[in-house]
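A quick write-up on the structure given underneath.
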Amino acid sequence: MASGQKPKGLNRSCFLLIVIAGMERFAFKGVASNLVTYLTDVVMMSNSAAAKTVNNWCGFTSMLPLLVASLADSWDRYSTILTSSFLYVVGLVALTSTALAWARHPTNNISSSYLFWSLCLISLGQGGYNPSLQAFGADQIPNDDELPCTKDEQKSNKKSLFFQWWYFGVCGGSLAGVTVMSYIQDTFGWALGFAIPTIAMTASILLFWCGSRIYTYKQDDNISERSSPDIFRAIKEAVSKLMNSRITLSSNKPDVAELELQEKPLCQNSGKAKASMEKPGGDINYLVENGRVVLRLLPIWSMLLMFAVIFQLPATFFTKQGMTMKRNVGSSFKIPPATLQSSITVSIILLMPFYDALLIPLARLITRDEKGISVTERMGIGMVLSIIAMAIAALVETKRLEIGQRMEVVDPKMETEVPLSIFWLLPQYILLGISDIFTVVGMQEFFYSEVPVRMRTMGIALYTSVFGVGSFLSALLISLVEYFTSSTGGKSWFSDDMREARLDKYYWLLALLSVLSLIFYVVFCKCYVSRSSDLDNEKS
C-alpha cells in the first residue's frame, strides 16, 4: 500500500477523490493540530479555555454534517461539494488574516469575534464538504446501488477496500499536515503556517473541478423529484408521527416500530419505502423511515462516544504535556509537540496493509468465518486498545509529575522543562493509531452499510457526528472536572502550571468511563447477535 500504486479494484475517479480527501485533511490538520498552541501563545487563553475551545470547535465541525446531509442527499452532491468548499476557503483566508494582523502588531489583541467567525466558516464548509465527498467517492464504485443490500462477497470486499484506502489517503494528508505545518508554525510563524493550508485547500478544489468529466453521477430519482418545500412542510407531521409511535427493542405486534439493529443492512426495506413514497403522504413516510433508520443506529452510536472523547486528547492535553518535556534532537533542533500526532497516522499507514495481509487471514483460521471478524468486533477491539492507551498515558504523566516536583523552580512564571524525553509519549500515540485502524475504519463501513441508498450522506454524517458529540462531551467533562476539583479550594486538574496539573487522574477517569462504555457495547452486541440468530431460525 505504501508503494503509491493505484489500489486494485478501484477506478480512476475513486483514486482521484482519495487524493483530494488527503489534500483537505492536510489543510484541516495543518490548522487544527496546533490550534491549542495558537490560542494559548497568541490569543493568550488559559490551558483549560484553549482545550475547551478546540473541543467545542471540533465538535461543532463534526456535528454540522448531520444538518447538511439531508440537503446533500436531496440536492446534488457535486454542487454541495463545490459550494461548501468555497465557504471552507473563505474561512481559511479569514483565519490567515488574524495571524497576519498579529505578526504586524504583536501587542494588539486579536479580535475574538473575528477569530470565532473564521473558525465557524471553516466548520460550515467542512460540514458539507466531507460527508458529501466521501459519499460521492463511494458512488464511483460500479454497481454501487446494490452495495448496501448485496450478498455478493466480491462487491462487499470492494466496498471495504474503498473505505480502507479512503482512510489511508486521509491519514497520509493528516500526517503531512501535522508534521510539516506544526514545524512551520513553530519556526516560521503563524501567518505562513495558516497560508499554506489555505493554498492546499484551494488547489484541491481546482483538482476536483478538473476531474468532473470522469465522475459517475448518481441520484435517487424519488429524492431528486422531491422539492425542498414539500420536505419541510412534511417535517412537522413526520415528527408528530414519530413521537406518537410506540418504540421498543422487540415486539411481535406489527403496528409497533422495531428498533433492532439487524445483521442485514437496513436498506433491505428500501423497496417498501420507495413504494410508500409514491402514495399520498409519501414525504411523511419517507422522513419517518429515515427517522427509524437513525434510531436503530443510536445504541451503537452512543456507545462509541467515549472513544471519540479520547480521540480529542492528542490535539489538546497530549500537546501541552509535550511542551514541558525534553524535546531536543541534537544540539539545536527541538521537536514541535504537535508533531507527535503524526505518529498516529504513521502507525496507521504502516500497519494498515498488515490488517488485510495478516490479521484477517489469521482471524479466518480461528473463527472459520469468511469475513474473519465482523464490523462490530472490529470496533470493539479498537475500543479496548484506546483504554490501554489511556492507562499508559496516565502512568507516563505520573512519572512526569514526579520528576517535575523534585526539580528546583527558578522562575514560577516560566514553564520548566522536565528532563524526561518527549518520546515517552509515543506508546500512547501509537496505540491510538492502531485503535483507529479498527474502530474508525469500522465505523465508516458500519454507518455507510447500515443505511439505505437514499441516506448515504446521512450515514457518513452519523459517523462524523460521533466525534462531534464526543468533542462536546470532552469539553463538558473538562468543565465538570475543573469545577469540582477547584471548588474545594484545591488546584484544578487542568492548572496552567503543568507542575501542579493532574492530567494523570483525568486519564484514569477517561479509562474508567471507557471501560463502562465497552461493557455496555459488548452486552448490546451479544443481545443483537442472539436476536439476529433467532430471527434467522424463525425465517428458516
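Here the Cβ of each residue, glycine as well, is placed from N, Cα and C on the backbone.
Database features (TrEMBL):
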{"type": "TRANSMEM", "residues": "54-72", "note": "transmembrane segment"}
{"type": "TRANSMEM", "residues": "78-103", "note": "transmembrane segment"}
{"type": "TRANSMEM", "residues": "165-184", "note": "transmembrane segment"}
{"type": "TRANSMEM", "residues": "190-210", "note": "transmembrane segment"}
{"type": "TRANSMEM", "residues": "297-318", "note": "transmembrane segment"}
{"type": "TRANSMEM", "residues": "338-358", "note": "transmembrane segment"}
{"type": "TRANSMEM", "residues": "379-396", "note": "transmembrane segment"}
{"type": "TRANSMEM", "residues": "422-448", "note": "transmembrane segment"}
{"type": "TRANSMEM", "residues": "460-486", "note": "transmembrane segment"}
{"type": "TRANSMEM", "residues": "506-529", "note": "transmembrane segment"}
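Contact between the transmembrane segment (379-396) and the transmembrane segment (297-318) is supported: at least 3 Cβ pairs lie under 8 Å, counting only residues 6 or more apart in sequence. Long-range contacts of the transmembrane segment (506-529) within its own chain (CB-CB distance under 8 A, at least 6 residues past either end) are made by residues 260-261, 263, 299-300, 303-307, 309-310, 313, 317, 376-377, 379-380, 383-384, 386-387, 390-391, 393-394, 397, 477, 481, 493-494. Non-local neighbours of the transmembrane segment (190-210) in the same chain are 16-17, 19-20, 23-24, 26-28, 30-31, 34, 38, 42, 81-82, 85-86, 88-89, 92-93, 95-96, 99-100, 102-103, 177, 181, 184; each lies 6+ residues outside the stretch with a CB under 8 Å from one of its CB atoms.
Below 8 A, the CB atoms of the transmembrane segment (165-184) and the transmembrane segment (460-486) form no more than two pairs separated by six or more positions in the chain, fewer than 3 in all.
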